[in-house]
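Residues annotated as domain 'Beta-mannosidase Ig-fold' in TrEMBL: 737-790. If you look up TrEMBL, you'll see 99-120, 127-145, 151-168, 175-200, 220-239, 260-281, 301-320, 332-350, 370-391, 398-416, 820-845 marked as transmembrane segment.
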Amino acid sequence: MDFWDCTGIFLILSGFKILLAQKYDLYHSTDFDVHRNWLAITHSKPISEWYFEATSEWTLDYPPFFAYFEKILSKYAAKFDPLLVKIQKDPISTDYVVLFQKMSVVLTDVFVLFGAYFFCKSFKSRNNNLEVAFLIICNAALFVIDHIHFQYNGMIIGLLLCFLAAFFDGKLKTAAFLFSCLLHLKHLFLYVAPFVGIAFLQQLNSSRLRSGPKAALSQFISIALIVISVSSVSLFPFLSQLDQLVSRLFPFKRGLTHSYWAGNFWALYNFFDLILARFGGMKSGLTSGLVGEFSHQVLPNVPPLATFILTFASMIPALFKLWNKPEKKTWILSFCSIALSSFLFGWHVHEKAILLALVPASGLMLLEKNLFRIFGILMVAGVSGVLPLIYTEFEQSIVIPIFILYLLTTLLFFQADYQKMHLLEKLYIISSVPTVAFVQIWSKLLLPSLPFLPLLIQSLYTALGVHYSFILINLELFSVDSWGLISSIENVTASGDRFFGSNWATQRNHHQDGNEQILGFITQFFGDQPWIKNQSEDAFWNFVYLSQTVQSICTSSQANFYRSRAGLKGTMGALYWQLNDVWPTVSWSSLDHSKNWKPLHHQIKKSFNSDLSLITNVNENDQLEIYAVSDNEAKRGRLKVQTRSWTSFEVSGEEDLGEFELKMLESNLLVTKNVGYLLNKMNCPYGKWNECFYTVTFKTDEDKLFSTWQSSVPIREIHTFNHLNASISISSCEEKIDKSLQLTLESALPQPFVWLETKFRGKWDENFLLITEKLTSVTFKPAGVESISCDDFLKNTKIFYPSKVLVEPPKPSETNRAKLIFVIFSILIAVSCIACCFACMCSGAGKEKIEQSRNLKFGKLPPRVANRRKYRQL
């Protein structure tokens, strides 16, 4: 992704922001007066009085770094217009005051540009980089909150993205500095401090395992010094008034919820109390729209401590996964989960706090396309949830089109992923447009005497979407299931049960939407496979095979990660949970109900039941790491790497990496080399990585050969599997004296994940294998005492492999049909938008009554619109 592409997007949007900044009579919230007063306080008062000054009700209640920012800004403000730095009780909003403050927000948005660029770059994704950068830079919620409502969230969110980028790139010192600055800019980031603490400790622990305790201790001390230094610069001038500072930063007397309920758990709690109170004939003060402490009429009142406990408890699953699976997907999902925990269960949460999760969640689209359902739902819930902050009539012609345009752009970028969502999920996204239209426009015409009702509807709508996204994120963080063996499923089903979506298939997967989630994993690894949902038995068997392949890849990768850290200074063991099934079903097990091995068990055997385990990994710096683990004895041998083509059995290139001596009972890091340089040297240049793969072999002095393999690109990018069939078959079968059967597999092309499925109970010497020769021999040993003839065995054996089950992408006609549906949907939304604007223009009748009723619900002062005088002095 090119930085100048991002800059172009940023400059175009900035032009629109500048035009809005010059619309002097545009609505802005009391936050505008808050920040103007902070300019005045930091400019006119000594630093010792900043957190005591109370001439205006808009007292300074942000951490010191933000106060320093206001101090710097006030130097220029005083020169631009002295009214900007005048302390007085009443608001000041002349044209020059408005222009300066709004332009200051536009200028500080440059942090969003750099944050979006570095954040997207840190994922090292080849797809959707510019699209995701666009969604971040042009985030509708951020735009509405900063440039109409008025705040400086762009600067803070930009720094947050820079922090995440630094952490993802392994730059812990930079990340520590940035997060320390964030904490002292806005104390909202205390909510995600558990993520930072656990993530940093995990990385330090990994450093201890890789480089020893001294290196880890040195890194810890460096990070600690950075945090202490930043905190000292921030807090030193206020050491004598920390009590006052704390009382300003944490005003617990503001009540459980804000005047307009943020769409979280407490909005639902308030709603149920309101309903129960109505049934009991009681009146509730929860709908007054005022900030303060109100009592629940039926349900128990909630103290701040209860919200803290609930918030932390809801973070525990993500923190647990964060410690146990340190990878980019886990990091971004855990961060979003923890940010949503604070939004859902925190004390006195503002609707604007959704930005903490919403903007980073855009990064999910750089990981896996099936994660769009999380981002899409969270996006419409979060963006629509902040629109009621802008309740004046004229501004609806700005905020509603912005919301619809952002929604349409998102769906246009990811229309294929939108089409894969469940019907109810699609309806939730589509219903956001009429919901926004009703809350922002139609309710004024239809229900002018009930000003809080539309706000209540919007809060509930947002709460449902945010809760649902939170649940999806936590489900995504945990386990990978697979179906049992085909032979076992055949024994308990009729032919009519064997298709994706059948009642039997749904009932047997006890995990809600479990089959859809398995399909999501398959899509992640193998790309879009629309045929899976065909109501055919062959499609179902291929789906079962792919589910087992994905389970094998995921679980064995995790096991290999533990093995690569084996030793007295690292991992001394790993719990392998749920070994077998008690019935034919979907589960985490690696042994089928029939006691036959699933693909996972064959794969895991190579890690845990081998004289020597070879483990390869390409780290985030594109370095190929090769580990070897010998549990039984020290070994010596020669390490080689070979590249091969997916279209030929010949070796393309070879690199002898030398002789190595392995220590027993610990992981041995043998080689760290740049993978691009190594592959290019072996005739597999960048740009053709999807055409080749590489094998790693270790030959001991006793002539024992151990090997593993790795693809240079994700499996879904290997187009050979879609176009060329390896045509694998059993060319011969021989019955041995010990009743075992020796089979010879014949293949036209190299092929991974080759799986032989039979209804007979027994054990393969090797299965789920990588074929690199035209002829490959495998042996099956029956479990019973009776012999099996080759004829019977061959009649009841199926072979599965990628080039047999994977198909080409959708034909152009299907793509055109999808585009047609999207165009129709866009037209319907455009009509809704026009209806909103028409309703806005026709709402003159009763205008006074409506404005009065709405103004009573938002602070003490009505919006200062169209009454601003153009002068520089009072």
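Using N, Cα and C of the backbone, Cβ positions are placed for all residues, glycine too.
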Helix, strand and coil totals (DSSP H, G, I; E, B; other) for the domain 'Beta-mannosidase Ig-fold' (737-790): 1 helix, 28 strand, 25 coil
Residues of the parent chain within Cβ reach of the transmembrane segment (220-239), under 8 Å, 6 or more residues beyond its termini: 47-48, 51, 63-65, 172-173, 176-177, 180-181, 184, 200, 204, 245
Per Cβ pairs under 8 Å, the stretch of 99-120, 151-168, 260-281 packing most closely against the transmembrane segment (301-320): 260-281
Intrachain residues whose Cβ lies under 8 Å of the transmembrane segment (151-168), provided they are six or more past its termini: 31, 35, 69, 104-105, 108-116, 118-119, 121-123, 136, 142, 145, 174-175, 178-179, 181-182, 185-186, 189, 199, 328, 331-332, 335, 352, 355-356, 359-360, 363, 620
When counting Cβ pairs under 8 Å to the transmembrane segment (175-200), the leader among 99-120, 260-281, 332-350, 370-391: 332-350
Chain residues in Cβ proximity to the transmembrane segment (99-120) (below 8 Å; excluding those fewer than six residues from its ends, i.e. six or more beyond): 1, 3, 6-7, 10, 14, 17-18, 20-22, 24, 32, 35-36, 73, 77, 80-81, 84, 129, 132-133, 136-137, 142, 146-147, 150-152, 154-162, 164-166, 360, 363, 366
Stretch in 260-281, 332-350, 370-391 most in contact with the transmembrane segment (127-145), if contact is a CB pair under 8 A: 370-391
Tertiary contacts of the transmembrane segment (260-281), as residues 6+ beyond its ends and Cβ separation under 8 Å: 287, 289, 296-299, 302, 307, 310, 343-346, 349-351, 353-354, 381, 385, 388-389, 455-456, 458-467, 857-858
